[in-house]
Amino acid sequence: MNSLLMITACLVLIGTVWAKDGYLVEKTGCKKTCYKLGENDFCNRECKWKHIGGSYGYCYGFGCYCEGLPDSTQTWPLPNKTCGKK
């Protein structure tokens, strides 16, 4: 039983370490904007959407910042795409 608990704890820890953090990005290449800095329901909801897959989100530097994102989620800055330019 103790071994099972240790294995489970290690898997949870590994998942946390391998998760990435970053700003949500719009199709334009800009950060997803927010205005209420700190704890922010909008950013938290956006980060936790199924297609985003984050564990927590808040407003930092007027952009939605997400923690615990899978590697497949794009974060700002996008390579070869400048905010607002084509």
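Every residue, even glycine, has its Cβ placed from backbone N, Cα and C.
For 1-19, the entry in Swiss-Prot reads signal peptide.
What Swiss-Prot lists as domain 'LCN-type CS-alpha/beta' is 20-84.
What Swiss-Prot records for C30-C83 (among others) is disulfide bond, and it gives experimental evidence as the kind of evidence. Mapped onto three states, the DSSP output places C83 (disulfide bond) in coil.
Of all Cβ atoms in the protein chains displayed, 21 besides its own lie within 10 Å of the Cβ of C59 (disulfide bond). Look at Swiss-Prot and you will find C34-C59 (among others) tagged as disulfide bond.
Residues or ranges marked as disulfide bond by Swiss-Prot: C43-C64 (among others). Of all Cβ atoms in the protein chains displayed, 26 besides its own lie within 10 Å of the Cβ of C43 (disulfide bond).
Under the heading disulfide bond, Swiss-Prot lists C47-C66 (among others). Secondary structure at C66 (disulfide bond), taken from DSSP and collapsed to helix, strand or coil, is strand. Proximity of C66 (disulfide bond) to non-local residues of its own chain (separation of 6 or more, Cβ distance below 8 Å) is seen for D21, G22, Y23, L24, C43, E46, C47, I52, G54, Y56, G57, T73, T75, given in sequence order.
Taking a C-beta cut-off of under 8 angstroms and a sequence separation of 6 or more, C83 (disulfide bond) has the following same-chain neighbours: T28, G29, C30, K31, W76, P77. Positions annotated as cysteine amide by Swiss-Prot: C83.
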Practice problem: Enumerate same-chain residues with a sequence separation of six or more from C64 (disulfide bond) and a Cβ-Cβ distance below 8 A; give 'none' if the list is empty. | Solution: Y23, L24, K31, K32, T33, C34, N40, F42, C43, E46, C47, G57, Y58
Practice problem: Measure from the Cβ of C34 (disulfide bond) and count the other Cβ atoms within 10 Å, all protein chains considered. | Solution: 22
Exercise. Would you mind checking how many other C-beta atoms are within 10 angstroms of the C-beta on C47 (disulfide bond)?
Key: 25
Quiz prompt | For the domain 'LCN-type CS-alpha/beta' (20-84), the mean pLDDT of the predicted model | solution = 93
